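> Residues or ranges marked as domain 'Ig-like' by TrEMBL: 71-141, 171-273, 281-352, 382-481, 489-588, 596-695. Marked as transmembrane segment by TrEMBL: 706-727.
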Amino acid sequence: MHHVTGLSILWDGQSRRVSYPSGGSPGWCLTSEPSSQPQRDQFSMVLTLLLPVLASLLPRPVFPAAKHPAPVFSVHPQKDEYLLGDTVGLTCTAPPARDQVSSFQYYSNMAWAVSARASSRREHTYNLNITESRSAGLYSCSYYTGKSGHFVPSYESNRINIRVKDPPPEPTLSVDPPSGVVSEGHPLHITCKAPGDARQLRFHFYQDGAKIVPGDVGSEISTAAPRTSSMTVSVLRIPQADTNSTGEYTCRYEAKESGRWILSTRSQAVTVTLKDPPPRPVLTVDPPSGGVNEGFPLLITCTAPGDAGEWRFHFYKDGAKIIPKEPSTSSRNVSVFSIPRAGLSNAGEFTCGYEENVNGRWVPSPRSLPVNVTVKDPLPLPVLSMDPPSGVVSKGLPLVITCTAPGDAREWRFHFYKDGAEIIPGDMVSEISTIESSTDSLMLTFPRAGPESTGKFTCSYEENVSGRWIPSPRSQAVNVTMKDPPPQPVLSMDPSSGVVSEGLPLLITCMAPGDAREWRFHFYKDGAEIIPGDMVSEISTTESSTDSMMLTFPRAGPESTGEFTCSYEENVSGRWIPSPRSQAVNVTMKDPPPQPVLSMDPPSGVVSEGLPLLITCMAPGDISEWRFHFYKDGAKIIPRDMVSEISTTEPSTDSMMLTFPRAGPESTGEFTCSYEENVSGRWIPSPRSQAVNVTMKAIGSLPIPLVAGCAGAAVGLVLLLLLVCLFKRMKKGSKWAWRRRAQNDGSISSYSPMSLAMINPDTL
């Protein structure tokens, strides 16, 4: 049989255990861990009802006698209500008896029990520490006598109700950042807020269950020593979070009541985890070498990696923050710090950092790697020159402005400016020459200077230094002024009407006004300059010291028609100054005279040898004066050649006769004719007539009577013709003299009397 000295029911606030006390023989143990407040209360009630049952289930000792009388139970100090943190003395006093008390047992209706070995006295006091409101309840005691295996219990003592005042309500714990995820090196703020009105409080913070001592883990508790405050809030600050800052945080506070500090229950826990800081930004400078010429722009660019939606950038020089004129945020991950004109004060070590917006909180990055900036002396001035050197240019003449860079750089880029504004190639009718950038000069040309070419010109250059273009300061300025051009030339032509017949000469004369000593002339047709020899034209070889020049077309054709102008250049101090172009004259082409009609006698074109041959050329139209020409086998017939005679028909008549008094072999062939008509004193040639062919036929024997009759008729006809001619000569003696002169120039032959032998019997 086993003897039980006592039963212990322990409650540690989270679990309840029922077990044998020291000295007993435990047969089993009941443990419960209720998870919530209602479950705990329900369990306490059930456990109170089960205690007698549990006791009955334990192995019972065999008591030799009845129970001892009940002890007297008392508490001290006696209060109507105890506070958390109080200590209550529970005293159990056994009545006087012969048997010695072995142990005392204390009980509570809140499922709490404890046993204690007794001393030689019959009274025992157990100090109960009130740590939570669950310490309240009905308390009593009992005692045992005897030895192990032969215990004799007493009856239960009187019961005393111990009341405990509820602790201050649970505080609220919050963390900044609210997510509980903090970037390494960034501040972490943990705030404990007590409910209720402001009063005297003391706060405590815990990390993973352990109390945080101010100053540990780099933390700072905001309230001053002795860590009391009339505020309801206390903040645990960790300026730079690291791996030691992670974990589960709780807090509680103490409220001073009746001169005593009453501890609240702990807050709900918050968990803090560590996030890597934003990556380091990248700092670059332009120029990349970090060497910038004094007075030139310096660009410092800070680039933030990552994909945050909003950034704030900061720049530092020699460790000190550069304060911007206007702070700003950016939706781009790049910020540029611009120095328009670098000076000696801008040299130094530059770094940058940024902040990224994470859930409304600006999280700073570490600083970038430094870059060093040095400031160099500026490039030397370029030299600007111009042609003409005087800066006075005639309107319409070329203007050439040259920019030359000093030094020995291998590659340049040039810029020209007019009245302070940069000249864009092609603007202002200007052309920038295509000189290679490896040369140290560049030309700005104005092929035809005008009002837009005047003004103040400057230039600058850039030289390539390690792949970066370094600009120079601007050159000294040169002023360009405009001079009036030479006066307009006068263009005239022959024929003056501008209407020229095809095949006739056309003369166009250009005359320069003024008193220059030397000229050069240019002719233009339909705007294009005429090159000597083109268009079957000839430009006369008039000396350049004369003030005029002729453009001749020996035989005008369709290519000679159009709008003609001319210009000239005059030599001024060795420079050819061009004039404006003359007024235009229009040349049009007139159709040639119509083709003449060629007829012959005999009409068949077959003539007997030795007989006369008559060929007549007749001009159509109503012109008052003609000149005729005959051709045999394409060659012009000169009067008296080939035993031929050209009749002396008046030039006011529209026909002329070519006669062969005695046809012979030389009279055969292909004959044509043409004529010229006098138009305003100018002889206009016609095209040639249709050709007629003359062939020779031998003369046979004829009857004598027929021959005699023919001869007599011929003599009579000749006499009649002679009388007619004599009459005309007497009447028009002056025209006879003109015809004689015309014979001398080869155009119209003199009169030749026709002999009887010339009469062609075929025509009789």
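Using the three backbone atoms N, Cα and C, a Cβ is placed for every residue, glycine included.
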> Summarise the domain 'Ig-like' (281-352) as counts of helix, strand and coil residues per DSSP.
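Counting residues per DSSP class in the domain 'Ig-like' (281-352), I get 3 helix, 35 strand, 34 coil.
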> In the domain 'Ig-like' (71-141), how many residues does DSSP assign to helix, to strand and to coil?
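Tallied per class, the domain 'Ig-like' (71-141) gives 3 helix, 39 strand, 29 coil.
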> Could you give me three numbers for the domain 'Ig-like' (596-695), the DSSP helix, strand and coil residue counts?
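For the domain 'Ig-like' (596-695), the helix, strand and coil counts are 6 helix, 50 strand, 44 coil.
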